[in-house]
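Swiss-Prot has this to say about the protein:
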{"type": "ACT_SITE", "residues": "Asp264", "note": "active site"}
{"type": "BINDING", "residues": "Asn195, Leu196, Ser197, Glu198", "note": "ATP binding site"}
{"type": "REGION", "residues": "1-318", "note": "region 'Ribokinase'"}
{"type": "REGION", "residues": "344-477", "note": "region 'Cytidylyltransferase'"}
Amino acid sequence: MKVTLPEFERAGVLVVGDVMLDRYWYGPTSRISPEAPVPVVKVENIEERPGGAANVAMNIASLGATSRLVGLTGIDDAARALSQALANVNVKCDFVSVPTHPTITKLRVLSRNQQLIRLDFEEGFSGVDPQPMHERIQQALGSIGALVLSDYAKGALTSVQTMIRLAREAGVPVLIDPKGTDFERYRGATLLTPNLSEFEAVVGKCQDEAQIVERGMKLIAEFELSALLVTRSEQGMTLLQPGRPPLHMPTQAQEVYDVTGAGDTVIGVLAATLASGNTLEEACYFANAAAGVVVGKLGTSTVSPVELENAVRGRAETGFGVMSEEELKQAVAAARKRGEKVVMTNGVFDILHAGHVSYLANARKLGDRLIVAVNSDASTKRLKGETRPVNPLEQRMIVLGALEAVDWVVSFEEDTPQRLIAGILPDLLVKGGDYKPEQIAGSEEVWANGGEVLVLNFEDGCSTTNIIKKIQKDSDK
């Protein structure tokens, strides 16, 4: 099975926030200045890129979505350069011009890929009337699927609560990249996307993932958020939602050259994916993949649909992730040549919970590679009843593929995976629950091939059925 990219061309997103122009001066250094002990850079190339909220808008446009941008600028060369650069990449700008302030500009001088100095030209836009921005938001709400508020604490978002209210009244989700420790101003947002440092500045230093989850859930309740996504650099991302188990996604970055603008890419891909009609879990999956691409580039950058598709499918192409049965057989054959022990399990995994995550982690510890075979939607309906699955096959496989413990995810149409297991013949077949080994589908074939069959315990108190009942009970209140 191939993971399908969102239909970005259907998506419309409005970005509102602090726009800025990033200027880069490049050149070699060969001597020290006689005036002061600093290197002399012979500038040979100048580059100008949209930054801040403008970079978010550019990331959205690069995916093929309709991207609109509202922000504050001066009336100067930097504003004109910013407008032209954005027009060149199909971002529709509707700036509010403030004649008393300069456009925020950041100048970086680089030599041999090393940044020597950064010069900031800004005064902030404090005291500027927010009403023109409110009017622009109101005009756009009927044609967008998501609103992004990109906060760099430069003055464009002094009336965040009004902006959130306007969007929520129109049924438009609000995604916010926060700044500072005053999260009260973001009350009622659909999704906040702080990085770990920003998150810990509000909740305190976290010792482990469990503490991140505990404090994050309290934050969600305190500020009436629909969800919280904590981006954790080399540790990946953690998505928290009320009534759902946490979703931890490992980083997909291969090499990290520059984290500048990575947060802009994450929230841009999140918004474009949600506006395309995908779920939040799917949006996080694609955003995580995009972040892995953009940190491998120098400076503020964007991700194209081709790059995103390659990143999403890269795990399958290199022997990991969601794949077809034939691709899995090839991946297993390659693993065996490397002397790796292959473990296999199966299930519906309809609403992934802590018990599933713990079980899969324990299964993975028993070998070098873990295969998870997943019942198709039709198979699940026959097994669990007409109301199941809650989540369709592609979504279930995407979430499983994002787990660090899982190497390969494959689907099967039959009531049991016996045929699939007979074709793969894992070294170890595991199943959770109170089964006897001889009752497990595929056990005879695995034993006949010299493999092992093992039953693992599930974590007490964790059940998809119980979660569904609780959600139904809460919705009836």
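Using the three backbone atoms N, Cα and C, a Cβ is placed for every residue, glycine included.
A quick note: this is a predicted structure, and the numbers were derived from the prediction, not measured.
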Please work out which residue of Glu198, Asp264 has the most C-beta neighbours within 10 angstroms of its C-beta, and give that one of the recorded positions. Asp264
Between C-alpha atoms, which of these binding-site residues comes nearest to Asp264 (active site): Asn195, Leu196, Ser197, Glu198? Asn195
Around the ATP site formed by Asn195, Leu196, Ser197, Glu198, which additional residues qualify by having Cβ within 8 Å of the site's Cβ center? Pro194, Phe199, Glu200, Ala201, Val230, Thr231, Arg232
Secondary structure of Leu196 (ATP binding site) (DSSP, helix/strand/coil): helix
Sequence gap of 6 or more, Cβ distance under 8 Å: name the residues on the same chain that satisfy this around Asn195 (ATP binding site), in order along the sequence. Val230, Thr231, Arg232, Ser233, Gly263
DSSP secondary structure for the residue listed as 'active site', reduced to helix/strand/coil, please. helix
Counting every protein chain shown, other Cβ atoms within 10 Å of the Cβ of Leu196 (ATP binding site) number 16
Set of same-chain residues at least 6 away whose C-beta sits under 8 angstroms from Ser197 (ATP binding site): none
